[in-house]
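What follows is a set of notes on a single structure, which appears directly below.
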Amino acid sequence: MKALSKLKAEEGIWMTDVPEPEVGHNDLLIKIRKTAICGTDVHIYNWDEWSQKTIPVPMVVGHEYVGEVVGIGQEVKGFKIGDRVSGEGHITCGHCRNCRGGRTHLCRNTVGVGVNRPGCFAEYLVIPAFNAFKIPDNISDDLASIFDPFGNAVHTALSFDLVGEDVLVSGAGPIGIMAAAVAKHVGARNVVITDVNEYRLSLARKMGVTRAVDVSKENLNDVMAELGMTEGFDVGLEMSGAPPAFRSMLDTMNHGGRIAMLGIPPSDMSIDWNKVIFKGLFIKGIYGREMFETWYKMAALIQSGLDLTPIITHHFGIDDFQKGFDAMRSGQSGKVILSWD
């Protein structure tokens, strides 16, 4: 079958021919319809320091997808041939304390699809049936293919009660923009998103944020004054991993503010911990999605009217995958969809 693989320990992704995966007793075989390119896939393409330490070569990559069930392991219940599914990209162990306690998103032995085991940039994917999620009929293939990153956004945004709150989102990548849209949809008062990429800030405006702020040109305190905010942000969603953005968030949070961090900062990021202590801030780390509460909320948010379609900016056939990666690497895109049909 055709598959996009990290074939060599250098920059790039290659179209390869690999054997079709075998279906285990508890697995589903999924025929891939559409996939989306994640920032993680760009890291793997660029072969940065993280990728060199993490990715075995060769490896079929990718973890954002929608497809159709075409094979079912003999122990699997609850699925049938023809079901349209996406799936949780974190394969969990099932036997650690968190897994056994129902907190599977906190599994200490997580294996990543397209990172530690073969991924979805292929004609077929095998995953445990436990990880599959049936897509409702009224949700399109395009939207279903981005459920994985949308789940990051939902998990982060819904970490705290947002009704009536003023929310700061730092980082206008696709996940940050979707988190801002979720915050607005569920009843936040002001949702302010910051970045230095004007293309992506304009995408955020299309998604309905209160203010999209280019912090290289505007002062966040001036924006707060313009919005009539006198006490700071109630909730911060840190999606950038950029130390200056996080420090600015700490500066502008209200006392007792709550911060959810999805962005991965450099390991040596320094902050003024006095601001955390004396403001009484609460900081929560976010990894992946809650299994599977986040997935049900994702479907419900879309079914209740949340419009994510502006975040999908590019479509390519799989033979034009290089154009898709070029678009993602340029920073002048939202989500990029690759079609396998």
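Glycine too: its Cβ is placed from the backbone N, Cα and C atoms.
The Zn(2+) 1 binding site feature in Swiss-Prot is assigned to CYS38, HIS63, GLU64; the stated evidence is sequence analysis. The active site, charge relay system annotation in Swiss-Prot covers THR40, HIS43 and is backed by sequence analysis. Among the features that Swiss-Prot reports, Zn(2+) 2 binding site is placed at CYS93, CYS96, CYS99, CYS107. Look at Swiss-Prot and you will find ILE175, ASP195, ARG200, LEU262, GLY263, ILE264, ILE286, TYR287 tagged as NAD(+) binding site, backed by sequence analysis.
Overlay of Swiss-Prot feature records on the structure.
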residue: THR40; record: active site, charge relay system; CB count, 10 Å: 23
residue: HIS43; record: active site, charge relay system; CB count, 10 Å: 16
residue: GLU64; record: Zn(2+) 1 binding site; CB count, 10 Å: 31
residue: CYS96; record: Zn(2+) 2 binding site; CB count, 10 Å: 16
residue: CYS99; record: Zn(2+) 2 binding site; CB count, 10 Å: 19
residue: CYS107; record: Zn(2+) 2 binding site; CB count, 10 Å: 22
residue: ASP195; record: NAD(+) binding site; CB count, 10 Å: 26
residue: ARG200; record: NAD(+) binding site; CB count, 10 Å: 23
residue: GLY263; record: NAD(+) binding site; CB count, 10 Å: 19
residue: ILE264; record: NAD(+) binding site; CB count, 10 Å: 14
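Within its own chain, ILE175 (NAD(+) binding site) has GLY39, PRO149, ASN152, ALA153, THR156, MET239, LEU262 as residues 6 or more apart in sequence whose C-beta sits under 8 angstroms from its own. Candidates HIS43, CYS99, ASP195, ILE264, ILE286 (recorded positions) were compared with HIS63 (Zn(2+) 1 binding site); none lies inside 10 Å Cα-Cα. Other than the site residues CYS93, CYS96, CYS99, CYS107, same-chain residues with C-beta atoms no more than 8 angstroms from the centre of those residues' C-beta atoms, the Zn(2+) 2 site, are THR92, GLY94, HIS95, ARG97, ASN98, ARG100, THR104, ARG108, ASN109, THR110.
Sequence-distant neighbours of TYR287 (NAD(+) binding site): residues of the same chain at least 6 apart with a C-beta under 8 Å from its C-beta are HIS105, LEU106, LEU262. Annotation note: ASP195 (NAD(+) binding site) sits in a strand segment as assigned by DSSP. Calculated from their C-alpha atoms, the gap between HIS43 (active site, charge relay system) and ILE264 (NAD(+) binding site) amounts to 13 Å.
When Cα-Cα distances from ARG200 (NAD(+) binding site) are compared across the binding-site residues CYS38, GLU64, CYS99, CYS107, the shortest belongs to CYS38. The Zn(2+) 1 site, placed at the center of the C-beta atoms of CYS38, HIS63, GLU64, has further neighbours from the same chain whose C-beta lies within 8 angstroms: THR35, ALA36, ILE37, THR40, ASP41, GLY62, TYR65, GLY89, GLY114, GLY119, CYS120, ASP148, PRO149. When the C-alpha distances from CYS38 (Zn(2+) 1 binding site) to the binding-site residues CYS96, CYS99, ASP195, GLY263, ILE286 are tabulated, the minimum falls on GLY263. Cβ environment of ILE286 (NAD(+) binding site): ASN152, HIS155, THR156, SER159, ALA260, MET261, LEU262 lie under 8 Å away, each six or more residues apart in the same chain. When secondary structure is read from DSSP and collapsed to three states, ILE264 (NAD(+) binding site) falls in the coil class. In space, THR40 is the closest of the recorded positions THR40, GLU64, CYS96, CYS99, CYS107 to ILE264 (NAD(+) binding site), judged by Cα positions.
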